[in-house]
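Per Swiss-Prot, the feature NAD(+) binding site maps to 30-58, Arg100, Asn139. Look at Swiss-Prot and you will find Asn139, Arg170, Thr249 tagged as substrate binding site, backed by similarity to another entry. For His194, the entry in Swiss-Prot reads active site, proton acceptor.
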Amino acid sequence: MSSVQENLITNVCQDKAAKPTNKITIVGVGQVGMACAVSVLLKELADELALVDILEDKLKGEVMDLQHGSLFLKTPTIVADKDYSVTANSRIVVVTGGVRQQEGESALNLVQRNVNVFKFIIPQVVKYSPDCIIIVVSNPVDILTYVTWKLSGLPQHRIIGSGTNLDSARFRHLISEKLGVHPSSCHGFILGEHGDTSVAVWSGVNVAGVSLQSLKPEIGTDQDSCNWKEVHKKVVDSAYEVIKLKGYTNWAIGFSVAEIVESITKNLGRVHPVSTMVKGMYGIETEVFLSLPCVLNGNGLTSVISQKLKDDEVGQLQKSSETLWGIQKDLQVL
């Protein structure tokens, strides 16, 4: 007896469905991982989304919840498993797995706990998707991006840390609040470490091409009567504040990661402040990953913009690198 499917559908082509060309995997289905997943789905960036985690019940519940919303999405396949074979042939793998930052805990204090987690995750990712681009989100992101590079054996341009892409978004939001101008029209970068030693590049802050430093040379310094320096302090403190209030951060980092993914999947060539190897730049001679303005396209992180920094900004960037190297040099990575 013929099935309902056989009676309903007449096949014209016997071939199976085409393989996905923009498969995206999210490692970790915690608050950050799911915010990344939802952001990727809503921006319609993937033709297949895979989720992987060691917590089977949580994983099954999350993927069922997303699948039940398939009618409202444009991603035809959403899958999940604790086995990394589900991630096979991913174009982009977003790593959010790891232990969560606690209230008042510096991101750098997380490092050794998360390094041990990555020793399991990264070899599995590369085994099933040797041609993928890896975006590291777990904290401390700069050190874990370095760890991912070492563990994966992949070229530098295919290892990207989410870095200060979110810090810079926070910076632009706070500037926009002070000026009453939309964040997209307030331009400025936070560079260096995603964390306490980040560098606000006040020399480059502008609105419609008008440098704020040209209007107020002391902006961002202790001599500034308008206390713009407080804006950078709020950027540094904001994650701690959100964690104190709601227990974790997730939505803004999810949006930030989806923007990075979009620049790659759509081959946009947009500039993002993301974490990359900075040895040989700005007088830094150690193998550390810090955020600089980078061009992202379909091949990954293809180039770094040589931003003209003032001497004090270079000094802060070097201090940022020294802080990371002080911890990184003693890690047991391999």
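Cβ coordinates are placed from backbone N, Cα and C, and glycine is handled just like the others.
Cα distances from Thr249 (substrate binding site) to the binding-site residues Met34, Leu42, Ala50, Lys58 are smallest for Met34. Leu42 (NAD(+) binding site) and His194 (active site, proton acceptor) have their C-alpha atoms 26 Å apart, to the nearest angstrom. Between the CA atoms of Lys58 (NAD(+) binding site) and Asn139 (substrate binding site) there is a gap of 21 Å.
Summary: among the recorded positions (Lys58, Arg170, His194), the fewest other C-beta atoms within 10 A of the C-beta are counted at Lys58. Of the candidate recorded positions, Asn139, Arg170, His194, the one lying closest to Ala50 (NAD(+) binding site) when CA atoms are compared is Asn139. The recorded positions recorded for this entry are Asn139, Arg170, His194, and the Cα of Asn139 lies nearest to that of Met34 (NAD(+) binding site). All protein chains included, Thr249 (substrate binding site) registers 21 other Cβ atoms within 10 Å of its own Cβ. Cβ crowding, taken as the number of other Cβ atoms within 10 Å, peaks at Ala50 among the binding-site residues Met34, Val38, Ala50. The most densely surrounded of the binding-site residues Leu42, Ala46, Ile54 is Ala46 (count of other Cβ atoms within 10 A of its Cβ).
Distance from the CA of Asn139 (substrate binding site) to the CA of Ile54 (NAD(+) binding site) is 19 Å.
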